[in-house]
Amino acid sequence: MTLEMLPEQIQESKIYREWGLTDEEYLKIKDEILGGRLPNFTETGMYAVMWSEHCCYKNSKPVLKKFPTTGPQVLMGPGEGAGVVDIGDDLAVVFKAESHNHPSYVEPYEGAATGSGGIIRDIFSMGARPIAILDSLRFGPIDNGKTRHIVDQVTAGIAGYGNCIGIPTVGGEVAFDESYAGNPLVNVMCVGLIEHKHIQKGQAKGVGNSIFYVGAKTGRDGIHGASFASKEFGSGSETQRSAVQVGDPFMEKLLLEACIEVIQNHGDILVGIQDMGAAGLVSSTSEMASKAGSGLRLNLDNVPQRETEMIPYEMMLSESQERMVLCVKKGHEQEIIDLFKKYDLDAVNIGEVTDDGFYTLYHKGQMVAHVPVDSLAEDAPTYYREAKVPERIQKFTDSEKYLPEITDSAVSEIFKKLLAQPTIASKKSIYETYDSRVMTNTVVAPGSDAAVLRVRGTNKALAMTTDCNARYLYLDPEKGGAIAVAEAARNIVASGGKPLAITDCLNFGNPEKPEQFWELTTAADGISRSCLALDTPVISGNVSLYNETNGSAILPTPMIGMVGLIEDVKNITTQEFKKAGDLIVLVGQTFDDFSGSELQKMLTGEISGKIDFDLETEKVNQDFVLKAITDGLINSAHDLSEGGLAIALAESAFANGLGIDVEVDLSNAQLFSETQGRFVLSISPENQAAFEKLLTESSASSEVIGKVTDNGILKINELSISTDEAVSIYEGALPCLMK
């Protein structure tokens, strides 16, 4: 049991600093908000979590305003539990990504599992049925025993939660770098489907309407989890296990089904619904009231508790999982109680909506908190941080491009070594632990450019992906941010889809350090530039700052999650070559783009230099490839990313054990160049004339560089290796490194 301090003791001891409040913020609460009254223990705790970066985005809010968030396809953008995008037929796709980085270092299994649980609740709080999970993971060097343990437990946590709740984990990405050794990134994206009429909002309005607590009971787990996620790691951070929540996917499954039933069958009595996520009960309820311009009066005696003698501070700040808040029309309380009882879940009336604009809590007959509701939510402070260009950026800008030389005799060995690099090597050993087929909607499972799920009752499908190459952002945050969006769109296009919108997880260092804030705001400029050019507005997202360990920051890593629409399932395209005799086509020109590449990192052990990115060419090439796919001219498509052309060709040949015979006017090194905006396609010879005619109507560049063979040999200029040997290296590298 936590011992409450008196208001005077809080002021004198300054314990609020440990909870994340600054002296200035504490004085603002006391003098400006409470009119000179000292905040009590519960109130101080509530402000500490609600004014954390994790909850109020006080450092990043000005940056987020840069993003384009509207478009004809957008039904609901940032501000609700998740974004909503129209896909026609009175249907919409709902999606969002969340981070659970700090908890996943302290308790990797539970941190990753509850990250999945939280984002799933965000989706069904909108009224949507979750249909897919994707993850974007970053770890330290895999030759480190601690890293291997974290990789094993994080992937087990994601698999355990998703598999048990019955939602397929269909895609994602994994990368390794020294900067993540003490601060792994666990970003989870969830996608759902909904009929327009069932779309919900997280609001509490209508004086006298009831506030219901539904789901699991409240414990002491996760208290100050939001504050924990809003500061750097230090030497004692690994012991902060009380800030990590514990999940129960079977409870979440019941909660999901109960909430969907309320929304679909009792929508007329439901005013609003919201997940109890970061900052638990205080966050969900105060945000619902603030958005509606209401007040709330809550009786904490009614909060279901799984531990004894919990005090108001603990009940309000607990981040126990599998809990939701519902605002229900007055007079219909019993209907809600009866429905949740059917699922053996608590559904308890804990308060009511008021019109006084205050957030008032009672416990054992005593008022234990009384503050303006907007001061907890909408009126939380916003800071405009100083931005300063890091010294390394000017150094990279002034430097020459990195240009490796690879001899004919060395190119095959270089290729083999690249195949075994942890970031390039097959992640099959990870994604095979996930159930990617449950719900039976998965058409393209993990391993291709994007996952594809059919939309039942229509002829449509959804393509989805997560992407970010943080090395590019380290060299140039603006171009790197733009590339992250462009690569996500390339993956959607290569799967036959039209990109619709993005969600993001902005993983950066300490925003109070000018160089770190510059990385954040500059990356946002690049993301915005690509989103505008590619017509992919930002509809939801998450900010995770303070990703530093003992003062050392991670690489800037804005993970981009994207969903695209495939209008006709016949246009679904995968990356693998289909049959011998098909022509291999390279779309896009190749230049000497090695700065930040896998090749540079492998050969030199570092990344340096300046990068180029032509967004206009990217858009032209994407439009051309999508048109060729929808015209039925393409048998396979694969985007070029890490490792360049040689790796993309190999990955295209692997699935069906085919060979390739490629002659292309590139140097040995250029086979591994990472020039953006490129695709590898295969087409039937009988479609070549139609393909070339379509090319004349576009300004895209394209050339036939070879053909698919059945001899089991990968031959690219002077590079030659058997497909079987290459597959063995590619699929065996990660399992071997994990031993």
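Numbering starts at 1 and runs along the chain as it is shown here.
Using the three backbone atoms N, Cα and C, a Cβ is placed for every residue, glycine included.
As the structure is a computational prediction, the values presented were derived from the model and not from experiment.
Annotated ATP-binding residues in Swiss-Prot are Lys96, Asp504, Gly541, and among Tyr47, Tyr57, Tyr472, Tyr474 the one listed with them is Tyr57. Binding site for substrate per Swiss-Prot: Ser99, His100, Asn101, His102, Arg121, Gln245, Glu319, Ser320, Gln321, plus Ser544 from the candidate set Ser540, Ser544, Ser552, Ser595. Taking the mean position of the Cβ atoms of Tyr57, Lys96, Asp504, Gly541 as the ATP site, the remaining residues of that chain whose Cβ falls within 8 Å of it are Leu64, Pro78, Ala97, Thr503, Cys505, Leu506, Val538, Ser540, Asn542, Val543. Taking Cβ-Cβ distances under 8 Å and a sequence separation of 6 or more, the neighbours of Arg121 (substrate binding site) in its chain are Glu252, Leu255, Leu256, Asp275, Gly277, Glu322, Met324. If you draw a 10 Å sphere around the CB of Gln321 (substrate binding site), it holds 29 other CB atoms from the protein chains shown. Ranking the binding-site residues Asp122, Glu319 by other CB atoms within 10 A of the CB puts Asp122 at the bottom.
Packing around Tyr57 (ATP binding site) is summarised by its Cβ count: 19 other Cβ atoms lie within 10 angstroms of its Cβ, all protein chains included. Spatially close to Gly541 (ATP binding site) yet at least six residues away along the chain are Leu64, Pro78, Lys96, Ala97, Thr503, Asp504, Cys505, Leu506, judged by Cβ distances under 8 angstroms.
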